[in-house]
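Swiss-Prot annotations:
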ACT_SITE  H147  active site, proton acceptor
BINDING   D4, N64, I87, T88, N89, M197  NAD(+) binding site
BINDING   R51, R57, N89, R123  substrate binding site
Amino acid sequence: SLYDIAPVTPGVAVDLSHIPTDVKIKGFSGEDATPALEGADVVLISAGVARKPGMDRSDLFNVNAGIVKNLVQQIAKTCPQACIGVITNPVNTTVAIAAEVLKKAGVYDKNKLFGVTTLDIIRSNTFVAELKGKSATEVEVPVIGGHSGVTILPLLSQIPGVSFSDQEVADLTKRIQNAGTEVVEAKAGGGSATLSMGQAAARFGLSLVRAMQGEKGVVECAYVEGDGHYAR
């Protein structure tokens, strides 16, 4: 199911339905997301305003926090057992809002709430592959710290068979942390990353489904609540 307040959403679903796959697609629009959420096992939230040049992710909080809160309230009522992936920026705070809404509704499960940071991983894979002359399919960079600028931390030392100088580590880390800004500035006010984010969201969602279906060894990085001293 696809859902957005925009009336174009059912038309997008029709467009997608013409692609020859086994997936059945329905589109829903309007203020009520309930019809799209009924029976859902996985919900990915990407709704919200996009960055413009000169903005950072935290500038989106005032608008996007309310959007996430509203959607998660509807999830808590309609499909409280669903796994939720939050893509909406700023991820490090919208995930916390989602957690508080779910706690208030009495349905919070930290093992089912994820801040989707896969975009940082695919960017890291691309940049490392370019630098080292490898195929991007050969590289998998674990990235921790969520998705808020300087908190994005690629673990470059954990890539098998690849080594870096201190300068390469510094340059790569900075580029990965600022890759979103690179896209925003290149689009000159026309929005932020959409196509690469779509690929990242699809990868994370499909990994989640594969794991839920019992496949072993499925590993993805995400922004989640831990078990340590600083866990919420």
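Every residue gets a Cβ built from N, Cα and C, even glycine.
Here the features listed in Swiss-Prot are placed on the structure.
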residue	record	Cβ within 10 Å
D4	NAD(+) binding site	17
R51	substrate binding site	22
R57	substrate binding site	21
N64	NAD(+) binding site	23
I87	NAD(+) binding site	25
T88	NAD(+) binding site	26
N89	NAD(+) binding site	26
R123	substrate binding site	24
H147	active site, proton acceptor	26
M197	NAD(+) binding site	20
Cβ within 8 Å of the mean position of the Cβ atoms of R51, R57, N89, R123: remaining residues of the chain near substrate: D56, P90, H147, G180, T181, V184, S192, A193
Shortest C-alpha distance to I87 (NAD(+) binding site) - which of the recorded positions R51, R57, R123, H147: H147
By Cα-Cα distance, the member of recorded positions D4, N64, T88, N89, H147 nearest R51 (substrate binding site): N89
Binding-site residues clustered about H147 (active site, proton acceptor) [Cα within 10 Å; pool: N64, R123, M197]: none
C-alpha spacing of T88 (NAD(+) binding site) relative to R57 (substrate binding site), in angstrom: 10
N89 (NAD(+) binding site): secondary structure state under DSSP, collapsed to three categories: coil
Three-class DSSP secondary structure - N64 (NAD(+) binding site): helix
Residue pair M197 (NAD(+) binding site), R123 (substrate binding site) - Cα distance, angstrom, rounded: 10
Structural state of R123 (substrate binding site), classified by DSSP into three states: helix
Secondary structure at D4 (NAD(+) binding site), reduced by DSSP to three states: strand
